[in-house]
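What follows is a set of notes on a single structure, which appears directly below.
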């Protein structure tokens, strides 16, 4: 009955599409995609190969880095378009933004979709809910025109939240999921799948370059790969199974000693997480080895000691991916240094890890739905 009441209230070319992302201290500062790309290329005077992925063209859209915690980009929904800042998340499959009828305190601080102002809006009677690591939402499934840069999906199903919990202080309006459709909570076709099925993108791939060291120019690209964002060759890693972005990790080492994943383990490559997450006992051991001390929900180290801390190496499909201390240690707003290693509180029979942005800032990542694999290479 509660949902019936809420529903009553609601009754209301073939290209590589490259969406620039950037890290920012505030959401107020924005750059056009063109200027961001030009700045990026000036700051990285490498000898670059041709932009190519089976001859496709390239278009860009910006993402912003918020305190190294998450990266957000602008999409529009409705006719005329209404702008929203969303997290591009490879760990989930649903697109949702707040509804104008959402009265949660979180919703009131974010942009809310005004359905009555869109001539292409269509309501359904489906409801759903999602629980994330940092919060949860309840919503209804609706349809409207969604734009990601130059990509346009008409009559796209997505969620409108009518209640949100735990997202206080987050500088994003909603989430755009990029995982496989089988894990969609709303059971609606994800926007990437709809665009792929309609031939709007030339290849069923998307890729991320996440900026580091306060650089601008982060991007997410759809339909192909711009080879200028990485060095060397892409190393392709098969997924454990077609259905989510999880890969097999051979082992995790520090100073030549195995410290985790001794018998092999599973790791999800997650653009929606800022941390590297693993089993509590292993994370505790890592913090002990690097001399980190707990304070609140974080573990801190001396900022002056960061350069002396060892790298932690993830071996994936026979290739070593070092994560140096400068990547796994960040500064908080008070100038103190904390680690990005965090306990993953999930009950699994096997060891499970999350490779979030602390890992992905180091390695350009390609998500290949056509071949159920992920490509990794050192980012420029």
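Yeah, the Cβs are placed from backbone N, Cα and C, and that goes for glycine too.
TrEMBL lists 89 (among others) with the feature active site.
What TrEMBL lists as active site is 270 (among others). All protein chains included, residue 270 (active site) registers 25 other Cβ atoms within 10 Å of its own Cβ.
Annotated disulfide bond per TrEMBL: 102-107 (among others), in sequence order. For residue 102 (disulfide bond), the same-chain residues lying six or more positions away in sequence with a CB closer than 8 A to its CB are 112, 160, 161, 162, 163, 164.
There are 25 other Cβ atoms within 10 Å of the Cβ belonging to residue 261 (disulfide bond). The annotation disulfide bond is assigned in TrEMBL to 261-265 (among others).
Marked as domain 'Peptidase A1' by TrEMBL: 71-377. Mean pLDDT for the domain 'Peptidase A1' (71-377) in the predicted structure: 94.
Here TrEMBL flags 1-15 as signal peptide.
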Nearest-integer angstrom distance between the alpha carbons (Cα) of residue 89 (active site) and residue 261 (disulfide bond): 25
Cβ neighbour count (within 10 Å, all chains shown) around residue 107 (disulfide bond): 22
Count of other CB atoms lying within 10 Å of the CB belonging to residue 265 (disulfide bond): 20
Residue 107 (disulfide bond) and residue 265 (disulfide bond), distance between Cα atoms, whole Å: 38
